[in-house]
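Participant: Structure in structure tokens, see below.
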Amino acid sequence: MQWLMRFRTLWGIHKSFHNIHPAPSQLRCRSLSEFGAPRWNDYEVPEEFNFASYVLDYWAQKEKEGKRGPNPAFWWVNGQGDEVKWSFREMGDLTRRVANVFTQTCGLQQGDHLALMLPRVPEWWLVAVGCMRTGIIFIPATILLKAKDILYRLQLSKAKGIVTIDALASEVDSIASQCPSLKTKLLVSDHSREGWLDFRSLVKSASPEHTCVKSKTLDPMVIFFTSGTTGFPKMAKHSHGLALQPSFPGSRKLRSLKTSDVSWCLSDSGWIVATIWTLVEPWTAGCTVFIHHLPQFDTKVIIQTLLKYPINHFWGVSSIYRMILQQDFTSIRFPALEHCYTGGEVVLPKDQEEWKRRTGLLLYENYGQSETGLICATYWGMKIKPGFMGKATPPYDVQVIDDKGSILPPNTEGNIGIRIKPVRPVSLFMCYEGDPEKTAKVECGDFYNTGDRGKMDEEGYICFLGRSDDIINASGYRIGPAEVESALVEHPAVAESAVVGSPDPIRGEVVKAFIVLTPQFLSHDKDQLTKELQQHVKSVTAPYKYPRKVEFVSELPKTITGKIERKELRKKETGQM
């Protein structure tokens, strides 16, 4: 407990006494190139692997031996001047305490499910690693969810526990009685709440002594809910192999991270990107994970952060770069920034060119899914081809295939596939939990069919051409139309609806709803009704899903069997009709 009293951060977060940070060169220690996390060849899979013990504890030992520089493992700030800095040894202490809270206080066991619904606060990382230490399967989710979304996820996953914040506790309480599996509710807050355990107090008083479970590499580690087109989100279950991927030399080459690097990734905490780019990848390299907690997106704050702190690796969806470019500057030089990455959306060639012209930096594109993690990428030193996402990353063999799983010739449009036979890649999702039919449906011959369309050139560069499903990609948020349509139809004005993506110069796509009104609402003011429907969707599901565009129609295009033809509506939006 002496250390916790000395290290005043998370519980009673201290105000930083340094308004001006030292120059980047003073903050970033020299690279300890002779050391690195345990690694294997690109296709060798160890029988046992647990990220907490094999990687985090490895770096903690290096710190103890004086063989890692002074950079923190974790560096968190917010707009109020609060700051948290943890070393790997301190992370080890805290996450072992968290592990004991889960197993001893909450009675959770290896294989149990725990819903993790936190914003970008330090506790998110403690919970994720604490779950790894105990073998508990954590289920990240965005904090933008509403009671209906939470109910669906808790019921489908049979989660025995949940960790969340004040703002969501009431939503959870409103549906908890319908979740028979839910036994433990942990609250991250400065205030108590009836029926909830105080996460921070429990961690303070927990023992720092804990033995990490022995995990098989193929034991389950995490579940991500991924948007569906004809139904609600599916559960993509991953093994510990997802956390092993950054240890492969071919993957390490992607960013060539060093212990001296400071990496900032702007990802929603519910995305797979957060688990990979703000946890397993940077910490595999022993570098600093930097987080600026932004309750509201603010382009100017992002620019100020990149100017103020020694961040040299930065990741954001392409719309973030477009928003930065819209700011009033002809050129800008970030003092420490060296590597910029993007994913989640297609990068326009003109944005790549403009970013380089105004910042002097290249923009490296990467591509992945909730089911796969990183599939392909461009990386430092690699030729950038505008319009192409890069080449396959180990351990994946990526090909463009037809509907039967046959590999297509170069520059031929087809389905982007990942080879799963004779050996399934260790970082590919295990299955859609509880849905063997959907799991089997995405297998196509010897390949996993991503559901995305693309083509590959003679050099192995992959071009993304679009989705073969109806998923809407708005600023990196993947939105299933069924979720929005289900929310809309709850309103008495909506007889039926169809939701598609509509092109947008900033967000890539926005949600557009085509709505057939019920007779009693036909004479209502359409502008007022649009606002009412938008607010309704925000109130019953995650606000980012609301339709920014609404068009009232007399009927929807349908097939002879009565199925709505969203592709016809998409053509209308893209001017193809």
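Using the three backbone atoms N, Cα and C, a Cβ is placed for every residue, glycine included.
Annotations per Swiss-Prot:
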TRANSIT   1-31  transit peptide
MOD_RES   Lys85  N6-succinyllysine
MOD_RES   Lys146  N6-acetyllysine
MOD_RES   Lys146  N6-succinyllysine
MOD_RES   Lys183  N6-succinyllysine
MOD_RES   Lys204  N6-acetyllysine
MOD_RES   Lys204  N6-succinyllysine
MOD_RES   Lys214  N6-acetyllysine
BINDING   Thr226, Ser227, Gly228, Thr229, Thr230, Gly231, Phe232, Pro233, Lys234, Asp452, Arg467, Lys563  ATP binding site
MOD_RES   Lys237  N6-succinyllysine
MOD_RES   Lys356  N6-acetyllysine
MOD_RES   Lys356  N6-succinyllysine
MOD_RES   Lys391  N6-acetyllysine
MOD_RES   Lys391  N6-succinyllysine
MOD_RES   Lys531  N6-acetyllysine
MOD_RES   Lys538  N6-acetyllysine
MOD_RES   Lys538  N6-succinyllysine
MOD_RES   Lys549  N6-acetyllysine
Participant: Of all the recorded positions given, namely Lys214, Arg467, Lys549, which is spatially nearest to Lys531 (N6-acetyllysine) at the Cα level?
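Facilitator: Closest by Cα: Lys549.
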Participant: Taking the Cβ of Lys391 (N6-acetyllysine) as the centre, count every other Cβ atom within 10 Å, in any protein chain shown.
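Facilitator: I get 20 for this one.
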Participant: Let me check the 10 A CB neighbour count of Thr226 (ATP binding site). How many other CB atoms are there?
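Facilitator: Excluding its own Cβ, Thr226 (ATP binding site) sees 18 Cβ atoms within 10 Å.
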Participant: To the nearest whole angstrom, state the Cα distance for the pair Arg467 (ATP binding site) and Lys538 (N6-acetyllysine).
Facilitator: 26
Participant: Given the recorded positions Lys85, Lys234, Arg467, Lys531, Lys538, which one has the fewest other C-beta atoms within 10 angstroms of its C-beta?
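Facilitator: Counting other Cβ atoms within 10 Å of each of the recorded positions Lys85, Lys234, Arg467, Lys531, Lys538 gives the minimum at Lys531.
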Participant: Determine, using Cα-Cα distances only, which of these modified residues is closest to Phe232 (ATP binding site): Lys146, Lys214, Lys549.
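Facilitator: So, of the listed modified residues, the one sitting closest to Phe232 (ATP binding site) is Lys146.
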Participant: Translate the DSSP assignment of Lys183 (N6-succinyllysine) into the three-state scheme.
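Facilitator: Where Lys183 (N6-succinyllysine) sits, the three-state DSSP reduction gives coil.
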Participant: May I ask which of the modified residues Lys85, Lys146, Lys237, Lys356, Lys391 is closest to Lys214 (N6-acetyllysine) if we compare their C-alpha atoms?
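Facilitator: In terms of Cα distance, Lys214 (N6-acetyllysine) lies closest to Lys237.
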Participant: Would you find the one among the modified residues Lys214, Lys237, Lys356, Lys549 whose Cβ has the most company, meaning other Cβ atoms within 10 Å?
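Facilitator: By the 10 Å Cβ neighbour count, Lys237 comes out on top.
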Participant: Could you check which of the recorded positions (Lys204, Thr226, Lys237, Lys356, Lys549) sits closest to Lys146 (N6-acetyllysine), going Cα to Cα?
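Facilitator: Nearest candidate: Thr226.
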Participant: Specify the nearest of the recorded positions Lys183, Lys234, Lys237, Lys538 to Lys204 (N6-acetyllysine), where nearness means the distance between Cα atoms.
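Facilitator: Nearest by Cα distance to Lys204 (N6-acetyllysine): Lys183.
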Participant: Return the member of Lys85, Lys356, Lys391, Lys538 nearest to Lys234 (ATP binding site) in space, with distance defined Cα to Cα and candidates limited to these modified residues.
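Facilitator: That would be Lys538, the closest of Lys85, Lys356, Lys391, Lys538 to Lys234 (ATP binding site).
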Participant: Round to a whole number and give the Cα-to-Cα distance in Å for the pair Lys549 (N6-acetyllysine) and Lys538 (N6-acetyllysine).
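Facilitator: With distance taken Cα to Cα, Lys538 (N6-acetyllysine) is 14 Å from Lys549 (N6-acetyllysine).
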Participant: Given a 10 Å Cβ-Cβ cut-off, pick out the one of the modified residues Lys146, Lys183, Lys204 that has the most other Cβ atoms nearby.
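Facilitator: Per the Cβ count within 10 Å, the most buried is Lys146.
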